[in-house]
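Here's what TrEMBL has on this protein:
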type: DOMAIN; residues: 8-383; note: domain 'Aminoacyl-transfer RNA synthetases class-II family profile'
type: BINDING; residues: Arg100, Glu189, Phe236, Glu237, Gln238, Met239, Glu240, Glu345, Thr346, Ser347, Val348, Gly349; note: substrate binding site
type: BINDING; residues: 221-223, 231-236, 305-306, 349-352; note: ATP binding site
Amino acid sequence: MSNLDNLDKIVSLAKARGFIFQSSEIYGGLSAVYDYGPLGVELKRNIRDAWWKEMTRRHDNIVGIDAAIFMHPKVWEASGHVGGFNDPMIDDKQSKKRYRADMIIEQHIEKLRKDEKHEEANAIQEKLDSCGSRKSLTEDLYEIIIENEIRAPESGAFDWTEVRQFNLMFKTQFGSTSTEEDGVYLRPETAQGIFVNYKNVLDTARVTVPFGIAQTGKAFRNEVVARQFVFRMREFEQMEMQYFVKPGTDEAEYEKWLEKRLEWHKMMGIREENLRTAPHPEDKLAHYARAAADIQYKYPIGWQEVEGIHNRTDFDLNQHAEFSGKKMDYYDQKNQERFTPYVIETSVGLDRLTLMVLCDAYREEEVDGDTRTVLKMNPKLAPTQVGIFPLIKKDKLQDLAHKIEEDLREEFSILYDESGSIGKRYRRQDEAGTPFCITVDFDGVESEGEDTVTIRYRDDMSQERIPVSNIANVIRDGMKSWKPE
Ligand code: ATP
């Protein structure tokens, strides 16, 4: 089975079990927009909560905020998004597909290298690197595509439009007057909500540099190439933390956060061999960054960024100081000095994280000549933590099962199920990633002494009989000691 087949299977399971649906599906769907179903919303919430706990509760110098999606239009001028958040795009007139012009050229170069045509590849690479220096960026890119007769990857046609800049921000009207000149944008990143609140937090939260501000929330990008399930969406959720540090300490803090964040993904139970860090080469850094690295996961579509760590320097605070006319510097009382902090940013996509958890957990196993599909995810993240089943529909068993449900529901997420054979119920919970199932049977309620139940473990399907009073303890221990296989 190829990796991409694996993605198809995950997409099917996600839909069939109620993790992720296409948006507005009954109308044919809306491209690159997705909805989370009953299991998906729990999984996503658990991941968000785990991140929040890690970033805020485990660091006494990191506080949270929740900024609005709409922001003053000037914010996006200051941040560079109005001027620079563009991709140069070209359309294949035959297939009507749109591509990033620079990527088409890079793919062509890669192909030439594979064919050992290094001289030709080097010449095109050189031209690509100096795009924008002959005519404009778009014209220079167009020229390379035409000169080298680069064809559309899918249709094979050589029938291109011009190269055009395409801004990734969604713009909409604001207020009751549609004549208002400046529309507002849906934020393309959550970070700016943190920068514009930096002074408010300094003035109210009694923090001193170094300190961090964390936030989770929706971001919107009119992505051009958006065909990879929840990996690249037009509406997605980011979880970002901006860490304000003294200039000069920024490089060490950047390294520290890169390592800390990689460790967190491992702690969440993602298999180590599927994670790596990849620093951005200096000539590929974003306009605001002094250093940047991806934390990448080996998705079925290949190694791809799940999180970015960036040293944004004092770029954003300086820009906002200039555009707003407000001071953004910091007075260090202890050392009696004034400076504008540098910012180390950790930025992770919640949807990409959710997809990573699903991909890493997904297994197919042969069991007694049958295929068992199971999501072996960290029990703390599982949408349902405990399944509770009376073996058959008899009062005595149902009553005890309901009592156990009542006892556990404050602490764990529970699902009570009495329909179908016990084997089928186990398999349903395997597909949902439920780590523990409790079955109440006659042996347990009719024997002498305390009532007992069978607990069945998702990962190795082993079972043991335990007293009812010990269920919560056994589950707590199972959660703590869980390790990815
Ligand atoms: P990429 O290069 O994959 O487009 P990016 O470098 O533009 O990502 P950032 O701007 O650094 O991404 O955003 C931080 C994080 O937000 C990314 O690591 C990713 O997890 C998430 N993210 C960005 N764009 C999308 C998207 N269109 N859909 C889902 N998640 C996204």
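Every residue, even glycine, has its Cβ placed from backbone N, Cα and C.
The structure, with features from TrEMBL marked on it.
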{"residue": "Arg100", "record": "substrate binding site", "CB count, 10 Å": "18"}
{"residue": "Arg221", "record": "ATP binding site", "CB count, 10 Å": "21"}
{"residue": "Glu223", "record": "ATP binding site", "CB count, 10 Å": "17"}
{"residue": "Arg232", "record": "ATP binding site", "CB count, 10 Å": "19"}
{"residue": "Phe236", "record": "substrate binding site", "CB count, 10 Å": "20"}
{"residue": "Gln238", "record": "substrate binding site", "CB count, 10 Å": "20"}
{"residue": "Glu240", "record": "substrate binding site", "CB count, 10 Å": "24"}
{"residue": "Val348", "record": "substrate binding site", "CB count, 10 Å": "24"}
{"residue": "Leu350", "record": "ATP binding site", "CB count, 10 Å": "20"}
{"residue": "Arg352", "record": "ATP binding site", "CB count, 10 Å": "23"}
Pairwise C-alpha maximum, in angstrom, for the residues (Arg100, Glu189, Phe236, Glu237, Gln238, Met239, Glu240, Glu345, Thr346, Ser347, Val348, Gly349) that bind substrate according to the record:
27
Filter the candidate list Glu223, Arg234, Glu240 of binding-site residues, keeping only entries whose CB is under 6 Å from an atom of ligand 1.
Glu223
If you measure from the C-alpha of Val306 (ATP binding site), which of the binding-site residues Arg100, Phe236, Glu240, Thr346, Val348 fall inside 10 Å?
Val348
Quick check for you: of the binding-site residues Arg221, Glu223, Leu350, Arg352, which have their Cα within 10 Å of the Cα of Phe236 (substrate binding site)?
Arg221, Leu350, Arg352
Restricting attention to the domain 'Aminoacyl-transfer RNA synthetases class-II family profile' (8-383), give the mean pLDDT.
93
Counting Cβ atoms within 10 Å across all protein chains shown, which of the binding-site residues Arg234, Thr346 comes out on top?
Thr346
Rounded to the nearest Å - Cα separation of Glu223 (ATP binding site) and Thr346 (substrate binding site)
21
Where does Arg100 (substrate binding site) sit by DSSP, helix, strand or coil?
strand
From the Cα of Glu240 (substrate binding site) across to the Cα of Arg352 (ATP binding site), what is the distance in angstrom?
14
Name the secondary structure element type, per DSSP in three states, that contains Leu350 (ATP binding site).
helix
Using only C-alpha positions, which one of Arg100, Gln238, Glu240 is spatially nearest Leu350 (ATP binding site)? These are the binding-site residues in the record.
Gln238
How far is it from Arg100 (substrate binding site) to Arg234 (ATP binding site), counting Cα to Cα, in Å?
16
For Thr346 (substrate binding site) and Arg232 (ATP binding site), the CA-to-CA distance in whole Å is 18
Measuring Cα to Cα, tell me the gap between Arg234 (ATP binding site) and Val348 (substrate binding site) in whole angstrom.
15
